[in-house]
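Down below is the structure, laid out as structure tokens.
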Amino acid sequence: MDTNPLAPLQHFLPQVWFCILGLFLFLYILLDGFDLGIGILSLTASSEQRRNILMTSLGNVWDANETWLVLMGGSLFGAFPLAYATILNALYLPAVIMVVGLILRAVSFEFRENANNKRVWNLTFGVGSFLAALGQGFAVGTVFEGINVDAAGNFAGSMWDWLTWHSVLVALTLIQGYVLIGSTYLIYKTSGELQNTHYKTATIATWTTLIGAILITITAPIFHVQVREQLFQPPLFYVFAAIPLLGVFLIAMLLRSLKRREESMPLVWTFLIFLMSFIGLGFVIFPNIIPPSVTIYEASAAPSSQVFMLIFVAFLIPIMLAYNLYNYLVFRGKVVA
Amino acid sequence: MLESLNTVALSRWQFALTAIFHMLWPVLTTGMGIYLVVIEGLWLKTKNLTYYHHARFWSKLYILNFGIGVASGLPMAFQFGLNWAPFSLAVGDFFGTVLGFEGTMAFMLEASFLGIMVFGWQRVPPLMHWVATICVAFGANLSTFWILSANSWLQTPAGGVFVDGKFQVQDYFQAIANPFMVNSFLHMFFATLETSLFVIGGISAWYLLQNRLPNFFTKSLKVVLVMALIVAPLQIFVGHLSAEQVYRYQPAKLAAMEAQWETIPAGTSASWSLIAIPDEATQTNKVDVKIPGLLGYLLELKPTLDSPVLGLKEWAPSDRPHLIGLIYYSFRTMIAIGLYLAALVSVTVFIWWRTGLAGDRLGNYKWLWWGWIFAGPLGYIAVEAGWIVRCVGRQPWIVYGQMRTAEAASALPPQVVLFSLSGLVALYTIFFFAALFFGSRIIQKGPNVALPVPGLRNAEELEIRIKMAEHQPDSRPLETQQ
């Protein structure tokens, strides 16, 4: 080991990759979050014309948004092969639910566009969005709770380990969060009656998300030993004490801006709420990548692998962000139908 | 034991079927991307509006295919972890890196600019739109590169060593540029382009056959002809080089492609089998029609060989590919299609040269248009056949000579794999027919030459556009029409 010139990096590299994967996952949850949220909201759209606007608002971005997930998958495979294999193995069924959901909604865009009878594809779009969010919720819930592994880090549980009342709670809350960010995105992108509707859905979703978040925050340390141990160690204890306070503040600001009928601020506050929850989740999991026992150091690919990939990916991240931003800039402004 | 056997078989079925289905869509979008770059470039250069309306018309088919391609690609991205966890662990250091590169370099480029390419006609200047189209096409083909590099590595692993069943990379560039990579990438690059060109040509011929918008569609056909005249012969040549590499690196696969049970010793004449019925039980061919000396010409440009062609019997049955008939006929199907397409384009170019493909004479060549319509789906069949040869012929190895497929599958309960497999098959069957239905609807509807032209200021030009317009209101909301 001592002769390996990369040895000093063995601690640092996995941390860098943990952050990069965190960035990809966060961008995915944020961007496909409003995407899936709008899909779920489309189930309640009162007219075909409204649904048109909803889907048009996603036309140019849904594919790029979903790509963050593919990117996350590919990078996880490269940087932490053990985590990629074990987590997907444990989450086989939720992953299938999610993939089927994403497939259904992806084909719905063009099939609906070309169909005379749009009802079928309206349904596949909405239901697909819901299933994708549900599968992701179960996945987040399961990883949060911990995965049963053997000494080598391979999955050692059963196919239904992911289905617990706690993962159901996380899944339902995530769906609320997606509906919330979808609503605030629509407030930003639309006007008139449609905007009014989504001020209402955003307010309702804020409350349901809040209830879910409170339940998760209260129950997690009580029922999960590893979460508790993680939480009550200083200095993290102070971080975790601050998060609920910050959360309450952000939600209050969100509700206030909804009440004041601000157009872009609700999206910003929602964004901050997502960011805060995500950072909180990251602190709970770190330094594990397969909670409760496999750390990022154990699951890492060879340092040479991580360095090689890092050189290219670090260079590409700003470029990818730039052309995503350009895409949003080109299509800025309200959607008209 | 029986359970794990079933899981491996089911996981293989799932991978094969999802890969075969997925392949259908990106094949068209990667190739058509290049066609769109050419046709949009022609519009920018000549200012001829026909090219602009061609770009708009073919993008409709493009986006239909793209959606299904993305959708069916998702299971591909996760399947390695879901169903092939031991494989992912063993080769993740290299294989995962390459898939990560595909995502960061290729997918995001393609996905970000696709929105501008499809919906951004009125939102960015024409030149910027063309840049977006180039980015989409480049992204798609970059993705071909990475996938083919990864798959070639499975065929000819390089750049490292297997230690205790885990691949340790020593040289990434050597692993990426493994022996098969260049030819395999080129073969697939030309395959997507050729398939797309013949789809576009076939659809154009369908309009010509009905004498519908003949001037419009001779234009697309002529662009196809110029491109295919280069691509079709090159593809045969690259395919030949690939087969020679198989002969050198994967002799068992070559033996399966040729249904050759006995070794042909050096110094004897090597004949090429045209029709055979391989029988794995007796390790012979029940029927075997051979062309004397041809295999020798193909491999070494002379009837007798300097080095032997090993027969399947050289390997124990557990160390060589099975389904010999499938491999043998897939290979021949691919060759026949490659030759037919090259012949078709040559004949058509000859007629173009003699007659100029002028409007009034198009009706004389009904047989030719039927030949093109027939050619439309052939590229897909050749691509699928080629991948069957490549991957079924690699068996029993997942990483050639290093890791067996049977050792690579996750130990999932078979019912679970059966559940996901049947779900995907059901969805894919529906999507396949839905795509055919909506695709033919787009074609029947025809191009909408009343679409607004970006960057048009001149009233005179506007007049020309209105004159040639055959008004067909687009069903999309205004925003998406742009």
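Yeah, the Cβs are placed from backbone N, Cα and C, and that goes for glycine too.
As annotated by TrEMBL, transmembrane segment applies to A:12-45 (among others).
Beyond the ends of the transmembrane segment (A:90-108), by six or more residues, the same chain brings 36, 39, 62-63, 66, 69, 121-122, 124-125, 127-136, 138-139, 142-143, 147-148, 155, 157, 159-162 to within a C-beta distance below 8 angstroms of the stretch. What TrEMBL lists as transmembrane segment is A:90-108 (among others).
Look at TrEMBL and you will find A:120-144 (among others) tagged as transmembrane segment.
Residues or ranges marked as transmembrane segment by TrEMBL: A:164-188 (among others).
Positions annotated as transmembrane segment by TrEMBL: A:200-223 (among others). Within the same chain, residues 41, 44, 144, 166, 169-170, 172-173, 176-177, 179-180, 183-184, 187, 231-232, 244, 247, 251, 254-255, 258, 266, 273, 277, 284 sit at least 6 positions outside the transmembrane segment (A:200-223) and bring their C-beta atoms closer than 8 Å to a C-beta of that stretch.
Listed as Cβ neighbours of the transmembrane segment (A:235-255) (distance under 8 Å, sequence separation of 6 or more from its ends, same chain) are residues 203, 206, 210, 213, 217, 266, 269-270, 272-273, 276-277, 280, 283. For A:235-255 (among others), the entry in TrEMBL reads transmembrane segment.
The feature transmembrane segment is assigned by TrEMBL to A:267-286 (among others).
Taken from TrEMBL, the feature transmembrane segment covers A:306-326 (among others).
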Item to check | Residues of the parent chain within Cβ reach of the transmembrane segment (A:120-144), under 8 Å, 6 or more residues beyond its termini | outcome: 29, 35-40, 42-43, 51, 55, 87, 90-91, 94-109, 111-112, 161-164, 166-175, 178, 220, 224, 227, 281, 284-285, 290-291
